[in-house]
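One structure is given below, encoded as structure tokens.
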């Protein structure tokens, strides 16, 4: 009787015992009167020795990635044949029976990490690519993480509830994927960009703790960290403040990182306001794995004769600097030109620099800083071989963002980023609105259901631009991992927000009437967050693309080479739906 086991179950106790394993053939080695088959299942690899004449005839027909059943005797390898790189490298199975379960066609690419297959080819044969250990292990880790999330939240009395995937189209910034209704011709459902409104309705229904591993959909251009369909941990709680949500997420992530990749996170994550993050790092999702920080030098240059700085300060703009210690010799003219191109992209008044040599400014704009030279050297503790970069703009945010991108570029070029670090950061107190100078209109900075901070509510309409919301983001290594807020639970306040962003009563009733009605029936104060599962696993596994951690992702054109979707449908289907296809060129 053969004991059915998996490859990882081979051990000393099974020596000289009969075992049976079902697996795929990873490698074949012919050695005259015997053949070695390296086999693989989901759990591990193992080696099979074939030396009986009748079995050799079968083994000679076997090719790579055949699915086979092996029955045999587990034996120890000779000392000179032990493979220390395999967990099962001390054993091999002496084959007694071989059954070919299924053959495999000629492979489109080798099932190895260093194959040169194109992305489209790998996606077309995703079921083969998933046999690679590195890819397989990422998917398994994802499964472990979501299992931990569920257990963690259920233990804390959260309810896992499912919200609809056919919803009313209420665009949240990106385009909706729409679904035509056959029954209601001319009408459309949308696939949800998030369960936002439904999770708020769940709070109004009295379920005070909700979560969902939610599938979400956005019709936007694909890029490295985005897909048209994605997964997020969506959760909401009644009667909470943001600090309650911070603590919950910190404890959950501590558990996930410890159990999945054996990393001990701090029990509490660092926190910073949006304004401080912009001033210090030039980003609302700063990478804090390195210390390179922005500083505002406007006060020190208030009497500057350099026209760019003089005009900026006259217009109440901002001058930002970045000091790189003891690295001036690393910045050639060509490298500085590359940094200047980044500044141009952000339409700043340019990027300027000077170096410190012989305790004086040298090169760049040194000649324009003679008056302030010694004061700046003393104030900023400048030393020989330091270099200072300056950028100026009439708009504070533009100056910050430009220098923030330059900060990242410098850190990458100088190797300042510790790739083994996991640096979490809460960014909070975001502006509630964004203002478009061209259209002279306001739009939500995050979404239109976030609560303004208490001190801004009374005079909300007088100065929307300065209104701060109860909004927070969770950042990991410079990537926005999650976003949340305390929500509006008052109909009147929600209507005021709608009006500021240009939704007059008729429009707000048409799009959100069902939700406004619900706010009239005893809505609790509530708040929540959504954490991107795909991004989380991508960062935990140090993957370069989000596609690596999704089982069946789309390519960069939001298409699937595996099943050739999206595809055209028949004229009969179109007729049933009441749809006519119009040539886009007409």
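Yeah, the Cβs are placed from backbone N, Cα and C, and that goes for glycine too.
According to DSSP, residue 31 (site 'Important for tRNA non-discrimination') sits within a strand segment. Feature annotation from Swiss-Prot assigns site 'Important for tRNA non-discrimination' to 31.
Long-range Cβ contacts of residue 446 (L-aspartate binding site) within its own chain (separation 6+, distance under 8 Å): 430, 469, 471, 483, 485. DSSP gives residue 446 (L-aspartate binding site) a coil state; it is part of no helix or strand. Under the heading L-aspartate binding site, Swiss-Prot lists 172, 218, 446, 487, citing sequence analysis as support.
Mean predicted confidence for the region 'Aspartate' (196-199): the pLDDT average there is 96. Taken from Swiss-Prot, the feature region 'Aspartate' applies to 196-199, supported by sequence analysis.
Swiss-Prot lists 218, 219, 220, 227, 480, 532, 533, 534, 535 with the feature ATP binding site, giving sequence analysis as the kind of evidence. Of all the Cβ atoms in the protein chains shown, 22 others lie within 10 Å of the Cβ of residue 535 (ATP binding site). Under the DSSP three-state reduction, residue 535 (ATP binding site) is assigned to helix.
Distance noted between the C-alpha atoms of residue 533 (ATP binding site) and residue 218 (L-aspartate binding site) is 16 Å. As a whole number, the greatest separation of Cα atoms within the ATP-binding residue list 218, 219, 220, 227, 480, 532, 533, 534, 535 is 19 Å. When the region 'Aspartate' (196-199) is classified with DSSP, helix, strand and coil residues number 4 helix, 0 strand, 0 coil.
The binding-site residues recorded for this entry are 220, 480, 535, and the Cα of 480 lies nearest to that of residue 487 (L-aspartate binding site).
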